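Notes for the one structure printed next.
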2 protein chains.
Amino acid sequence: MEQSKKLSAGILRNDRLMADGRTIRYYDTSGQNRSAKDARPVEKQPAIGELRLDPLVNEWIAMASHRQGRIFLPPKELCPLCPTTGELLTEIPESDFEVVVFDNRSPSLRPPTGDWALPDQVGPDTDLGSAAGKCEVICFTAEHGNAFKDLTPARVRVLLEAWIDRTAELSQESFIEHIAPFENRGEEIGVTLTHPHGQIYAYSYIPPRVEKMLAAANKYKTSTGKVLFDEVVAREIRDEERIIARNDRWIAFVPYAARYPFEIHVAPLNPVADLTGLTDQDRDAFAPIALEVMKRLDGVFGIDMAYIAAWHQAPVRVGRDVLRLHWQITSVRRAPGKLKYLAGSESAMGAFIMDMRPEQSAAQLREVVL
Amino acid sequence: MEQSKKLSAGILRNDRLMADGRTIRYYDTSGQNRSAKDARPVEKQPAIGELRLDPLVNEWIAMASHRQGRIFLPPKELCPLCPTTGELLTEIPESDFEVVVFDNRSPSLRPPTGDWALPDQVGPDTDLGSAAGKCEVICFTAEHGNAFKDLTPARVRVLLEAWIDRTAELSQESFIEHIAPFENRGEEIGVTLTHPHGQIYAYSYIPPRVEKMLAAANKYKTSTGKVLFDEVVAREIRDEERIIARNDRWIAFVPYAARYPFEIHVAPLNPVADLTGLTDQDRDAFAPIALEVMKRLDGVFGIDMAYIAAWHQAPVRVGRDVLRLHWQITSVRRAPGKLKYLAGSESAMGAFIMDMRPEQSAAQLREVVL
């Protein structure tokens, strides 16, 4: 549906339909007119994926074999995330944009047709269901060569508002249980498009790691009456040596039991369940710490660090009082020319071995001159 | 302690002490004399690692910062896993060997001094304990340039006996809860030594993935009275289309909900809890199917496939009647020049997306002409 909507901080959202029926949402600060048409020929929609249960661990695996042929590291002239020009029709019909969110062209998960529910009972014979959910792409800037750390604070504010807006809207869908906005950066971790962008995965099931966080948080609440993540932050503040940045509203630290060489958790000091709970003050204070953290990360070795930056939120319907919003940034780079790999112990057994003490990486991050 | 021990199938184990006090165990078929001394100067033992609890998911992380400087892809002339020659003193003092197992020089986990136990109650303030456990290296052959698939069936029989022997002996240690022999192959997954070898990790805790398998298996046993893995194998036999190899005693299949482009599970048809439960017939029938599977894997693209091959066993003290021995081989290679990466969805959320249908990879594996 084509529509407009006013968000916080004077940000306006304009929705437009793409040629193949997908929606693109422009998040703007200056009331831009967004009327450019998507002039590309309509392509056949990719096949719908499947969800299969791995019964050995009771985890859902999304089968998305239609993604095998997707575009791989195109040159700048063919980047589908740049604005449309006379020479190239891209995913974004306009000739410029601030932040846009559009439905993924080859989604791993997609909205179901009709009613949809996971089976209550599962086992080795559980049959496949269609892979319900939603996958969206979020572009941070029209500047192809920039990175998150090059964004202006004002742009990070728009980006945050877009994440909040998507969380709020996707939470309304009956088939969505969990929403995870994340950014993958770096060819080392498999990024296929270098234009600064992230993804929003809205799952029809609680993802396994969130399920485990939920179990730990519930157990802690039951035995102590307290919220686990709040105690974790309290411990980091008390220990102090792993804190790398803070301001009035946010704190950033390397966690006590980090599992990656450079891992940073960023959390609001006034805890909330998800992005929609952030106050205006929290929202305004995010950009400075987010930019500082990303600059420190690239500053450690003076190179573009590969990372995954993922928002952890409470699921849509459960755990709202025990799970807390935070942003986890993990980098597999342990030294220039050396990566941390997930081999036998991590991959097969799930048991992480860390080659670097968290206090050491925190010190290296703090020592970066900005 | 220097000693000799007779194992099945005429295999003899000879233990010798290395210069720094570590033990090396020779597994031989021809009664070789193993008296060569380790003539290297004694080096300082690396520092002991720590175990830290990640309270958000209640998982132990082994901190092994002393491993940061370990040897990285040395040339053949400096390979520490080749036999010792006049020019180079290696980890193996003898000038030739069949299969050897020695204590890892930079172990992530090591035997505790004195009594040791994990705390019963854990939380965000759980203090660090020393990283108890044991890490061993197992060399499959003295031939530097070979791979697992190049071993003779007789050599695979010795290798299997060594895995069985290590499982039996390590199971006797009071501080060990789970034993995982695995092989990492390929620089793509971070292998630092190309000489054909594996590792044996003996954990003082149940690794997270095993804990999850245990929970799923216990739940299934309670609700159905059956053993989950046996039902999984029954389903694969019934479906047939994902089976890639079988003989009288073993079966190999791509699991229904594989999470890697090429994933193969190899299981004995007469289920057992761990390697020590295999009968002589099972042991003798393993080499043909193991070699066939590894040849099929390399045959798919005609290249050396990077893989992790890990033995899943029941833990030492729990789940003995609900968990089953099997060998999981996973490869991140989805096409020549393309890898499967664990990015935002897999790494941050634990939610796997698979780019290839298991039936497709099973067909590709079956079509390889051996």
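Placed from the backbone N, Cα and C atoms, the Cβ positions cover glycine too.
Of the residues A:H66, A:H178, A:H195, TrEMBL puts just one in the Zn(2+) site with A:C79, A:C82, A:H144: A:H195. On the 0 to 100 pLDDT scale, the model's mean across the domain 'Galactose-1-phosphate uridyl transferase C-terminal' (A:218-367) is 96. Cβ neighbour counts within 10 Å, taken over all protein chains shown, single out A:H195 as the most crowded of the binding-site residues A:H144, A:H195. Excluding the listed site residues A:C79, A:C82, A:H144, A:H195, the same chain places A:K76, A:P80, A:L81, A:T90, A:A142, A:L193, A:T194 with Cβ atoms within 8 Å of the centre of the Zn(2+) site Cβ atoms. In sequence order, A:T90, A:H144, A:L193, A:T194, A:H195 constitute the residues six or more apart from A:C79 (Zn(2+) binding site) in its chain with CB-CB distances below 8 Å.
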